[in-house]
C-alpha cells in the first residue's frame with residue numbers, strides 16, 4: 001500500500017499539500033503517483049512569481065512510462081521551486097514527501113482566510129486513501 005502521511009492534504013489528482021507558513025503551502029506528488037509513474041526523468045515547473053490557479057496545470061512530470069500534468073491545489077503565486085529536481089528528478093521517486101517536493105505556493109497575505117478555506121476543500125489522508133481503492 002502507498003505511504004499516505006496523515007498530516008498532509010491531498011487532491012484527487014495525487015498531489016499532496018503541506019502548510020509551510022502562514023500564507024504558504026508546499027506541494028508535491030504522492031507516493032502512489034510516483035509509483036504509478038515509474039522512474040521520473042524530468043520535472044517541468046513554473047518560474048518563481050508565476051500565478052497558478054486551483055485545478056489548472058502548472059507543470060509536468062515525465063517518467064520512463066509517461067508524461068503527467070501537475071495541477072495546482074490552490075490559487076496563488078509560486079514562491080519557490082525545488083531546483084534540486086533539475087539535476088536529480090528521481091528525488092520524486094525516492095522521497096516524494098521530503099526532498100522530492102515540487103514547489104511552494106503563496107497566497108495573498110491579506111487573504112489568509114482563503115487559504116484556510118481552500119485547505120478544507122482538499123482531501124485528508126483517509127479520504128485520499130478511499131480514492132485509491134475505488
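From the backbone N, Cα and C atoms, a Cβ is placed for every residue, glycine too.
What you are looking at is a predicted structure, and each value in this text was computed from that prediction instead of being measured.
The following features are taken from Swiss-Prot:
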- 2: N-acetylserine (MOD_RES)
- 24-106: domain 'Lipoyl-binding' (DOMAIN)
- 65: N6-lipoyllysine (MOD_RES)
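Here the domain 'Lipoyl-binding' (24-106) returns a mean pLDDT of 97 for the predicted model. Between the C-alpha atoms of residue 65 (N6-lipoyllysine) and residue 2 (N-acetylserine), the distance comes to 19 Å. The Cβ of residue 2 (N-acetylserine) has 15 other Cβ atoms within 10 Å, all protein chains considered. Helix first, then strand, then coil: DSSP counts for the domain 'Lipoyl-binding' (24-106) stand at 15 helix, 35 strand, 33 coil. Cβ neighbours within 10 Å of the residue listed as 'N6-lipoyllysine', excluding its own Cβ and spanning all shown chains: 12.
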